[in-house]
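As recorded in Swiss-Prot:
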{"type": "BINDING", "residues": "164, 165, 166, 167, 168, 169, 170, 171", "note": "ATP binding site"}
{"type": "REGION", "residues": "471-537", "note": "region 'Disordered'"}
{"type": "COMPBIAS", "residues": "473-498", "note": "compositional bias 'Polar residues'"}
{"type": "COMPBIAS", "residues": "507-528", "note": "compositional bias 'Polar residues'"}
């Protein structure tokens, strides 16, 4: 509570409130007030109980009565208590001083450290960029992650949805995108946790700090235990900070929202408390307007771009749910994380066949990129269809063409795995940033059959494709060294010994090669190469 009081005082100390009212009714997070002199306008912030209770005006019921939504807990609030008008809307601090810090919806730091702000505060209620300022040029937002850049490229200044359950690597993937954004593109990352658990937010803060990406990052949290009004406004607060870096600092911003469904859920709670008539499946009637008010502020302008990656929860896996339908209409790319791929050890566990992007067209990504992505998806789809035949009849029953498809598809799957910088402390594997050009070149060489003779393990957890050649070269040199050590010397060959009845140039019967041995060894090696990777490897 002390943080909230300090933040409110910092926001409005230059404009002390003069207008006062009284509490008329308290119904959970909805508080009705009466102002006899001047009714505060919509979105004005009010406070009571020595600024410990913060309210926001959402409706004017009459000439003297207004309805507010509580942004803090309303314990202790009673009828007849005085309420002061702050004279302005909800504001948050902006500027370079916010970097590496964690804030709540009021702009108060919640990371346990003192905050020295530079006096720049901005309202969370901002209009979307004008159409004349929005850049119409479509550009790819390069993440450095092979499977994302090749198969489902993200749009610079666009919105991407990340669908995944618990334990499939969703947070790790978001963390890696933050790391690559800061280290490779010199941008700013903002993480907005809507309805996050306290434990998850604390763990993410420590992971970002240990990964060394916190210096160019801002974190905001509207925690799960907070009132719906706080969770409903935290997304707007994060966008206000992102817009400052885009418009004033002329920087590219990566905005990560987890979870956009909880934003919709908070709006539904507010709508129900206000007594609005629910729409289909119990959602608020203003669902489309509220979501558009948040999503339309994420745009690519001439000064910079705000690129958003949003975690989306689909209730009961029903993609016809109104929350999912309205969210899909704003997304330009969809990343689906597969639990099956995660259990097989393919990290990142992005499903290449279910993920898609609106930018995957020849006019945007280019003809070469489009052809490579189409061929990769075609081979992976054919391999997926052949899995049942392989399980029942075996690989030997396939034609030569189908065996080539299986071999190259499995090598593509392993090539799309990639060690991350944010997991170096857990895997002891150095992270890799792979450019789009390197990823496309690797896919082309695999599709052309250049790596058909290489073991599948050589392509697992590597960066660019040339790293797969080094293990084979080192293995060849090792075998050559072993063969030279086993070769008898001249002195040993000329040493006296028992005479053999066979001529000198004859091959002993015990050393004669078995004709069936090469085929057997080749088949065993082929079967061995088709084994699934172990978890974590």
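Each position is counted from 1, following the chain as shown.
Every residue, even glycine, has its Cβ placed from backbone N, Cα and C.
Sequence features annotated in Swiss-Prot and their locations in the structure.
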residue : record           : Cβ neighbours (10 Å)
164     : ATP binding site : 24
165     : ATP binding site : 12
167     : ATP binding site : 12
168     : ATP binding site : 22
169     : ATP binding site : 21
170     : ATP binding site : 20
171     : ATP binding site : 19
